[in-house]
């Protein structure tokens, strides 16, 4: 299955994925259907008195996995530029984005809480949709197969787009002033270093919980906290040089003070230390 996935979707990394409007609409529609189905099925099971979940108040060993989940939910910010750029009148853009994120938070919260009260902790699978493939949960075969294959559908549509984005980021990172790369480097090397690592990782491990925990703890920490903080600092500095210090931006963030950037960097470093200590202590107990 992994070989089939790589051979079918891997070649998209070597080309440009354009005009993905309808692909994104289909993916979003499937996400909405799957989310609503899982929430409704869990609520029905809870309402019938068949709920098995008795969650504890907190589990400190789950902190590193919390970061993993956070980085994936944070990926919704990947679409912010494409959402904001077409808006001609940006007067109310802050309110629109806030409403959008409140809606995302509500769905994540509803999905999570119905899950932890509907299923026992030891029966919750790493891929939550697989909990609904059991005939005892839902006896409609189409819904079981749809939810079971839902991750395949979403990954199949997202993988080419994210892979091409990463490939272009590699090119930007190693940008050469006044010159272009040889054809082999541009068309073969950059796509290859984008495609090969995830294929190798998928081949070497089946433990999604550990994988999400490690990537979230370290890569997620940089993506969520460190890189945005440095980008905000450098972009503000560059803006002052280009437009002058007297220019007033009416869309300024309420977190525009430099102290917020320092706070985020300290928070990111603290999270890095805390998660590392948690991993070391957890492994030493094993």
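Our numbering is plain: 1 for the first residue shown, then up by one each step along the chain.
Even glycines carry a Cβ here, placed using N, Cα and C.
The annotation domain 'Amino acid transporter transmembrane' is assigned in TrEMBL to 11-267.
Sequence-distant contacts of the transmembrane segment (29-46), counting only residues of its own chain at least 6 positions beyond either end whose CB sits under 8 Å from a CB of the stretch, comprise 107, 110-111, 114-115, 117-118, 128-129, 132, 137-138, 143, 146-147, 150, 153-154. Here TrEMBL flags 29-46 (among others) as transmembrane segment.
As annotated by TrEMBL, transmembrane segment applies to 66-84 (among others).
Annotation source TrEMBL lists transmembrane segment at 96-117 (among others).
Within the same chain, residues 5, 9, 12-13, 15-17, 20, 23-24, 26-27, 30-31, 33-34, 37-38, 41, 45, 78, 127, 129-131, 191, 194-195 sit at least 6 positions outside the transmembrane segment (137-166) and bring their C-beta atoms closer than 8 Å to a C-beta of that stretch. Sequence annotations record features per position, and here TrEMBL assigns transmembrane segment to 137-166 (among others).
As annotated by TrEMBL, transmembrane segment applies to 259-281 (among others).
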